[in-house]
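K.L.:
Handing you a structure now.
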Amino acid sequence: MSDRPLYAPQEPIFPRRVSGKFRNLKWVIMAVTLGIYYLTPWIRWDRGPNLPDQAVLVDMASRRFYFFWIEIWPHEFYFVAGLLIMAGLGLFLFTSALGRVWCGYTCPQTVWTDLFILVERWIEGDRNARLRLYRGKWDVRKWRLRITKWITWLFIAIATGGAWVFYFTDAPTLLRDLVTFSAHPVAYMTIAALTATTFLFGGFMREQVCIYMCPWPRIQAAMMDPDTITVAYREWRGEERGKKHENKSGDCIDCMACVNVCPMGIDIRDGQQMECITCALCIDACDDIMDKIGKPRGLIDYIALSDEPAERAGQPPAPILKKILRPRTIIYTTIWAAIGIALLYALFVRSDIELTVSPVRNPTYVLQSDGAVRNIYDVRLRNKAGEDRVFHISLTSEEILRIELEGRDGQRNLVVPADTTILQRVYVTARPQDPAASTDTTALRLWVEDVDADIRASQATTFNGRDE
Amino acid sequence: MSERKVDEETGVETTGHSWDGIEELNNPLPRWWLWTLYACIVWAIAYTVAYPAWPMISGATTGMLGFSTRAQVAEDIVQHEAKNEALVAELVAADLTTLPPSSDLHRYAVARGGSVFRAQCSQCHGSGAAGAVGYPNLLDNDWLWGGDIESISATITHGVRNETDLDARYSEMPAYGDIFAEEEIGAVVEYVTSLSSSEFDADLAQAGSELFLDNCAACHGDEGLGDQFLGAPNLADAIWLYGGDRDALTETVTNARFGVMPAWGQRLSDVDVRAVSVYVHALGGGE
């Protein structure tokens, strides 16, 4: 037992450069996702004088979330919750249909690792040069190349950590504060932490993050089934593998191209494995070799496990659409779309003005000296518009119950400033002879109306009479 | 045991442990995980040295950084007080009778007064200010000593019937048990009942009305409407401090009542008295 190591050192991986349609797709996706991440905070959006003019802004201090024309208040956080549920279901849908496409193309860990490997290749050369450098002595050249690489990585990492904080406050102001060292310490700490994780995860941890830290590879097995389209090796076509002169029956010439390009350091010919992020670079590498030796492409390909029996028998595989359209993906899509439609509906019917009524129940009612019964309501009035509004408060069944506003001298109109919630104490009184004064509870509805625009909102509540 | 054994099914080396013929595979953990564990242990030790951690016989170790949540709260309070300094100065100088209800200062006074009220006043008046038997309800429009902001402020500052403040609100009703015969008390109670209720014995009330005019009207008024200058309650309305049924009224007339309130001007800062006055005034009954 003593000589069996329970811990293994990280095996260094030196992915070789590859070109092909999937590599090109990955370059495009990298450019788009990184572009979105770095540039979004700099998009301006005019919301008038009282509101910030940043298109996407998570304003923690004022408790607002701005997304272009949409403004979300804390009590509307269900929009964010809904989007997160949609993101989760979307991940389920794509995984059950297309395997780990999220991991292979769009996961930040994959994108930044790809970027870091690109930098590494520019500075240190391709796979063989990097291998030589790795094995070589720490001479001046090695130090120079390593330090150049690390500094370049560090700049990317700082830009990454730096871009994150711009989402939380006005970007141009923060940038000026950052460079003049007058920004809040939290900004610097956040940048430092994210710089460290980007540098470490993209430069050194790489595949270790996917294999040992990320829970998704462990969960994905539950999302996939034999009809899931994933990157696989056509073993029935490739074996027996061997070099050309060995005259083996299979198409695989054992050139190791698929292994050399793999950023996860695995051999796809071993079958589906947890480490595979389905980045499809082995497909590009193998297709290139197949072209060169005059064999048909697709020895390694996007196929479903259920294709195997047909292909072994020499029949064409089932059409892709048939594999994608199955009860599981249809159910995921339906739930995803239902939540999406519900959110859109909620977004378009929501009003610029709102009220919430919390009846004061300590005590449940107040007896006045003339025998009248008064109930108190704490009413929160929200003006979500960018300018001050005049609100009018009213009550249904006003012939029975009278309404008064605390501290407003009998006025029922009040100004609610732009983008603000105010708390107003409201009194509703039933005269001694009114039935509501001696009835246990009476239903009523409080209304708020924007007197300049034709917008109303209301909330139902109850009135408590004397409990006799 | 230096011989390596490989599991045939998976091709993975085993640890050599075997339970009922089931062998444990050795899938080695990456070494950096182990270093992460060591780093966490070092961090934990450093943390317990730097911050309060180990429970001792009297209190816990204080930590080298001298951090304490209590000190942090104290610092927070100092910071908030510094932030509120301008509002406090403004509130102390403000004329409460003309303070606009929608102003920031008014909102600050209500918020500050609310927290003073919950800490100091709620024990008797209730957390919702609805009072209890013997402790006035502050939400209604019936006031013993006046419901405008100045009267409320004076009552809070000097209190009621206490011995510590010479300016305390003071009035005392005689205990008529020593003065009236039992049937006379019954007659007065019937008359007082008749002021606010339609169910009474007219003959008895008639007898009581004469006793009332001779003995009670001096403070409570000829019509029993009370007098806020004297702190004499209105007996003709729907609100009773000690209960309005005949038993409670008999008890009141026989033994009298003597509710006391401390002089808060001696216990609270000027700004807190002003704030709680504004708060009570804004509870619904303020005049």
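Sequential numbering from 1, following the chain as shown.
Any Cβ shown, glycine's included, is placed from N, Cα and C.
Note that TrEMBL annotation is computational and uncurated.
According to TrEMBL:
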TRANSMEM  B:32-54  transmembrane segment
DOMAIN    B:108-196  domain 'Cytochrome c'
BINDING   B:CYS121, B:CYS124, B:HIS125, B:MET261  heme c 1 binding site
BINDING   B:MET173, B:CYS216, B:CYS219, B:HIS220  heme c 2 binding site
DOMAIN    B:203-284  domain 'Cytochrome c'
K.L.:
How big is the heme c 2 site in terms of the longest C-alpha to C-alpha distance among B:MET173, B:CYS216, B:CYS219, B:HIS220, in angstrom?
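P.N.:
So the binding residues stretch over 10 Å, Cα to Cα.
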K.L.:
In whole Å, note down how far the CA of B:MET261 (heme c 1 binding site) lies from the CA of B:CYS216 (heme c 2 binding site).
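P.N.:
Between the Cα atoms of B:CYS216 (heme c 2 binding site) and B:MET261 (heme c 1 binding site), the distance comes to 24 Å.
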K.L.:
Fill in the CA-CA distance, B:CYS121 (heme c 1 binding site) to B:HIS220 (heme c 2 binding site), as an integer in Å.
P.N.:
28
K.L.:
If you measure Cβ to Cβ, which of the binding-site residues B:CYS121, B:HIS125, B:CYS219, B:HIS220, B:MET261 are under 8 Å from chain A?
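P.N.:
Cβ contacts with A: none found.
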K.L.:
In angstrom units, rounded to an integer, how far apart are the Cα atoms of B:MET173 (heme c 2 binding site) and B:MET261 (heme c 1 binding site)?
P.N.:
16
K.L.:
Do any residues at least six apart in sequence from B:HIS220 (heme c 2 binding site), in the same chain, have a Cβ closer than 8 Å to its Cβ, and if so which, in order?
P.N.:
B:PHE212, B:GLY226, B:ASP227, B:ALA232, B:PRO233, B:LEU235
K.L.:
Can you tell me the CA-to-CA distance separating B:CYS124 (heme c 1 binding site) and B:CYS219 (heme c 2 binding site), as a whole number of Å?
P.N.:
26
K.L.:
Residues other than B:CYS121, B:CYS124, B:HIS125, B:MET261 within 8 Å, Cβ to Cβ centroid, of the heme c 1 site?
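P.N.:
So the additional residues around the site are B:GLN120, B:SER122, B:GLN123, B:TYR135.
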K.L.:
To test your reading of the heme c 2 site: which residues beyond B:MET173, B:CYS216, B:CYS219, B:HIS220, same chain only, put their Cβ within 8 Å of the Cβ centroid of those residues?
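P.N.:
These residues sit around the heme c 2 site: B:ASN215, B:ALA217, B:ALA218, B:ALA232.
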K.L.:
Using Cα coordinates, what distance in whole Å links B:CYS219 (heme c 2 binding site) and B:MET261 (heme c 1 binding site)?
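P.N.:
B:CYS219 (heme c 2 binding site) and B:MET261 (heme c 1 binding site) have their Cα atoms 21 Å apart.
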K.L.:
Work out, from DSSP, the number of helix, strand and coil residues along the domain 'Cytochrome c' (B:203-284).
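P.N.:
So the counts come to 42 helix, 3 strand, 37 coil.
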K.L.:
Let's see if you can do this one: DSSP helix, strand and coil counts over the domain 'Cytochrome c' (B:108-196), in that order.
P.N.:
43 helix, 4 strand, 42 coil
K.L.:
Return the average pLDDT for the domain 'Cytochrome c' (B:108-196) as a whole number.
P.N.:
95
K.L.:
Taking the Cβ of B:CYS121 (heme c 1 binding site) as centre, how many other Cβ atoms lie within 10 Å?
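P.N.:
That number is 21.
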K.L.:
Among the binding-site residues B:CYS124, B:CYS216, whose Cβ has the fewest other Cβ atoms within 10 Å?
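P.N.:
Across B:CYS124, B:CYS216, these binding-site residues, the one with fewest Cβ atoms within 10 Å is B:CYS124.
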